[in-house]
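A.B. asks: Dropping a structure here in structure tokens format, bear with me for questions.
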Amino acid sequence: MMLKLYNTLTRRIENFEPINPPKVGIYSCGPTVYDYTHIGHLRKYVGDDILRRILEINGYEVKHVMNITDVGHLVSDEDAGEDKMEKGARESGKSVWEAAKFFEDYFWKSVETVNTKRPNIVAKATEHIKEQIKLIHRLEKNGFIYQTTHAIYFDISKFADYSKLSGQKLEEKEIGAREDVFVDKQKKNPQDFALWFFTVGHFKDHTMRWPSPWGEGFPGWHIECSAMSMEYLGDSFDIHTGGIDHIPVHHPNEIAQSEGASGKPFVKYWVHHNFLIVDGEKMSKSKKNFYKIDEIVKKGFDPLALRYLFLTAHWRDKLNFTWKSLEAAQNALDNLREIIRDWDELKIGCAQYEQDFMEALNNDLNTPQALAVLWDMVKSDYPSSAKAKSILEMDKVLGLKLEEYLGKKIEVPAEVQKLVNQREQARKSGDFKKSDELRKKIKKLGYGIEDTPEGPRIKATSSHS
Ligand code: AMP
Ligand code: ZN
């Protein structure tokens, strides 16, 4: 069974054939740590995690590298305006270094709640200044750079294949230069991008700064990803991921820098995750339509219900976030947990379902289809001992921590059992007001009741339901 994956570079679903099997190198564009991580970001990092787990379950040895952007990412893509880190520090009343640490910690806390595996290597831009300077040197030797008063730029007119990823002609490329932000008038082409900014003029007060052969300053955003991915994965590697917002600018810039320096193909498969949206618009800080994981938890949801919700959509489709959809995901997950609590010990698995499950995932990471297979199996007549073995296998990819529920029948405290018995009495005698009140009391203690023909069934509940 071969893994098939959509590649933005070729605009096709392709057979996945790594450069150096069984090794697979993945580089994921990570967060800019100037503000809180929101659940839109989490969709992207869960997407990366699913991809990694699918590669692993296929037997590949994955080396997953992710960057932390803590310098040089300017507010506008056209290398204008101020560094997001300086802005974040100003707005949060912290120093740039404190802000970077604070928001990075928040990022890790957030991604851990949705059970993503830590990348094997986490690379911070500020800890790889030497590597970035080395790469700019290689580009200088190959004739791709020029210098203005404010910065060193990559001259994209010298790189013939600039449009191969985005498919956009240069003249179609949006130039969003706004009047309220700084624009370097000495740039040759508006789309040229900065590799190194000098701490002069517009950037004279920039806090983070390092010496370089061209003058004191700080690196541009794009160069960090080329420098660090090539440092840890080599000049050519297998998979590069990011959000679809990186298709027009950030990733073409990475390709230009890396291939301009090495003369070799940079990345074989480009994976771009679609967005989490709200009312038709991307969830983002600037639109103020975002939620943080704390807000999800405060409303009584389990972060893993959010992970479940992400799994219900294909990674290349938009996913519209609503509280109703999160509630449906929480209910589905609660249901699944309840069902598997009663399952017997593991024996031999359900081969056919496991195969269908893998087929769905290997078909361009089709997680909604994989979930459908899981539910078909759960509802099937197979012995629960067989289903138990298979569901744990499936959960290696889904990451819903089902092992914490499998076969763990709930021990109902005597106090709760007493209330359940009283409620049953009340119900039988037609006192529905009292029975409702008792149900509420039981819920407060963390339990739910389902009335079945065999009598009341007690469930552990999450507090939102
Ligand atoms: P940022 O820190 O804003 O640069 O975003 C980090 C990553 O999260 C990028 O790859 C973005 O594409 C991705 N991202 C940001 N907002 C969303 C969203 N609403 N849905 C999915 N991914 C997002
Ligand atoms: Zn990047």
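Every residue, even glycine, has its Cβ placed from backbone N, Cα and C.
Under the heading Zn(2+) binding site, TrEMBL lists Cys29, Cys225, His250, Glu254. The annotation ATP binding site is assigned in TrEMBL to Lys285. Per TrEMBL, domain 'Cysteinyl-tRNA synthetase class Ia DALR' is recorded for 356-406. Per TrEMBL, the feature region 'Disordered' maps to 446-465. The motif ''HIGH' region' annotation in TrEMBL covers 31-41. Among the features that TrEMBL reports, motif ''KMSKS' region' is placed at 282-286.
Each of these features: where is it, how hidden is it, and who are its neighbours?
C.D. replies: Taken residue by residue with DSSP, Glu254 (Zn(2+) binding site) is part of a helix. Around the Cβ of Glu254 (Zn(2+) binding site), a 10 Å sphere holds 27 further Cβ atoms from the protein chains shown.
Annotation for Lys285 (ATP binding site): same-chain Cβ neighbours under 8 Å, separated by at least 6 residues, are Asp35, Tyr36, His38.
Sequence-distant neighbours of the region 'Disordered' (446-465) (same chain, 6+ residues past either end, Cβ-Cβ under 8 Å): 299-302, 305, 327, 330-331, 334, 337-338, 410, 412, 416-417, 420, 423-424, 427, 439.
Residue counts for the motif ''HIGH' region' (31-41) by DSSP state, with H, G and I taken as helix and E and B as strand, are 3 helix, 1 strand, 7 coil.
Listed as Cβ neighbours of the motif ''KMSKS' region' (282-286) (distance under 8 Å, sequence separation of 6 or more from its ends, same chain) are residues 35-36, 38-40, 245, 275-276, 321.
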A.B. asks: An 8 Å radius from the center of the Cys29, Cys225, His250, Glu254 Cβ atoms defines the neighbourhood of the Zn(2+) site; name the other residues of that chain inside it, in order.
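C.D. replies: Here the non-site neighbours turn out to be Trp221, His222, Ser226, His240, Gly242, His246, His251, Asn253.
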A.B. asks: I'd like to know which of these binding-site residues, Cys29, Cys225, is least surrounded, judged by other CB atoms within 10 A.
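C.D. replies: Across Cys29, Cys225, these binding-site residues, the one with fewest Cβ atoms within 10 Å is Cys29.
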A.B. asks: Check the binding-site residues Cys29, His250, Glu254, Lys285 for any whose Cβ is under 6 angstroms from an atom of ligand 1, and report them in sequence order.
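C.D. replies: The qualifying binding-site residues are Cys29.
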A.B. asks: Does DSSP give Cys225 (Zn(2+) binding site) helix, strand or coil?
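C.D. replies: Helix, per DSSP.
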A.B. asks: Are any of the binding-site residues Cys29, Cys225, Lys285 near ligand 2, with a Cβ under 6 Å from it, and if so which?
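C.D. replies: Near ligand 2, sequence order: Cys29, Cys225.
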